[in-house]
Amino acid sequence: MTIAVTGSIATDHLMRFPGRFSEQLLPEHLHKVSLSFLVDDLVMHRGGVAGNMAFAIGVLGGEVALVGAAGADFADYRDWLKARGVNCDHVLISETAHTARFTCTTDVDMAQIASFYPGAMSEARNIKLADVVSAIGKPELVIIGANDPEAMFLHTEECRKLGLAFAADPSQQLARLSGEEIRRLVNGAAYLFTNDYEWDLLLSKTGWSEADVMAQIDLRVTTLGPKGVDLVEPDGTTIHVGVVPETSQTDPTGVGDAFRAGFLTGRSAGLGLERSAQLGSLVAVLVLESTGTQEWQWDYEAAASRLAGAYGEHAAAEIVAVLA
């Protein structure tokens, strides 16, 4: 069955300035800054939380539909995803706005000047999940990823109304949402995904206790960076899964999206919680070792070897068997 992934679709435009921003800023003129930097290069990466997760699920062989909003400039990105098995028929194309874009220039001190253009993402609120269900049938799971906040609320309510299982994954939007808004996204979720900082932020903003949250969801999935991930059930049963050791640390961007995609692909394929988290941890480390969130490569034999090294031959055999 299909996993429907809702959330942001974006492109990242990254540049490098071979000097120091600090040397160009004159204290006496900070009230009227007007600067232009000649950069060395420009690298464009495909991204957005929904784009990243849909890409990874497709690469792993899962059935996935991308549900989000993009601009007319989405054509190349669409072809890229379709080549990986992603159903892009439910991407709303804006008639007026470009695809969301993150632009960032980094200097030699790793200082950054960045901007984010939400663009077409603001139109995601116009997407109806009922239309997706009519076209592809009832999805196995709907991921409610970081997106236009109003779209997140509407998608969540529609999942409840239509009886669709959903995963709450507010991630970076937790910082801007109020406690009341966060509460609207949680109740009834099959999965609640956060990292450890976001979990504490969620509790702080909502005023809920852990018990309050666990009474409303089926499973809490909290990633812990280099310490792995905790899977917590309502009765307190906890499974901890460690990371797959990395060969290098290139860029952490998109690691959380990768884990979620691997974990949910495993669940969809019939794996248990622990094995699914182990698969998610492998996909996460592949992204960590790559430049760009969708530039990693999937190699069946290499995956089996790394899983065996991290979790043992038996675990590796169980995981790769469902991906064959």
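Glycine residues also receive a Cβ, built from the backbone N, Cα and C atoms like all the rest.
Features as listed in Swiss-Prot:
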MOD_RES   Thr2  N-acetylthreonine
BINDING   Ser8, Asp12, Ser36, Gly48, Asn52, Phe102, Phe116, Gln172, Gln173, Asp257  substrate binding site
BINDING   Asn195, Thr223, Leu224, Gly225, Pro226, Lys227, Gly228, Gly256  ATP binding site
ACT_SITE  Asp257  active site, proton acceptor
Margin query: Please list, in sequence order, every residue of the chain apart from Asn195, Thr223, Leu224, Gly225, Pro226, Lys227, Gly228, Gly256 whose Cβ lies within 8 Å of the Cβ centroid of the ATP site.
Written below: Asp196, Thr222, Val229, Val243
Check: For Asn195 (ATP binding site), what residues in its own chain, 6 or more apart in sequence, show a Cβ-Cβ distance under 8 Å?
Finding: Ser171, Thr222, Thr223, Leu224, Gly225, Gly256
Notebook entry, point to check: Taking just the CA atoms, what is the gap between Gly228 (ATP binding site) and the residue listed as 'active site, proton acceptor' in Å?
Noted result: 14
Next item on the list: Please determine which of the binding-site residues listed here (Pro226, Gly228, Gly256) has the lowest count of neighbouring CB atoms within 10 Å.
Entry: Pro226
Margin query: Let's check the environment of Lys227 (ATP binding site): how many other CB atoms sit within 10 Å of its CB?
Written below: 11
Next item on the list: Inside 10 Å of the Cβ of Asn52 (substrate binding site), count up the other Cβ atoms and send me the figure.
Entry: 30
Checklist line | Same chain, 6+ residues apart, C-beta under 8 Å of the C-beta of the residue listed as 'active site, proton acceptor', given in sequence order | finding: Val49, Asn52, Met53, Ala56, Gly145, Val287, Thr293
Check: What is the interatomic distance between the Cα atoms of Thr2 (N-acetylthreonine) and Ser8 (substrate binding site), given in whole Å?
Finding: 19
Check: By CA distance, which of the binding-site residues (Ser8, Ser36, Phe116, Gln173) lies nearest to Lys227 (ATP binding site)?
Finding: Gln173
Next item on the list: Express in Å, rounded to the nearest integer, the largest CA to CA distance found among the ATP-binding residues Asn195, Thr223, Leu224, Gly225, Pro226, Lys227, Gly228, Gly256 named in the record.
Entry: 13
Notebook entry, point to check: Hey, what's the Cβ neighbour count for Gly225 (ATP binding site) at 10 Å?
Noted result: 13
Margin query: Restricting to the record's substrate-binding residues (Ser8, Asp12, Ser36, Gly48, Asn52, Phe102, Phe116, Gln172, Gln173, Asp257), give me the longest CA-CA distance in Å as a whole number.
Written below: 34
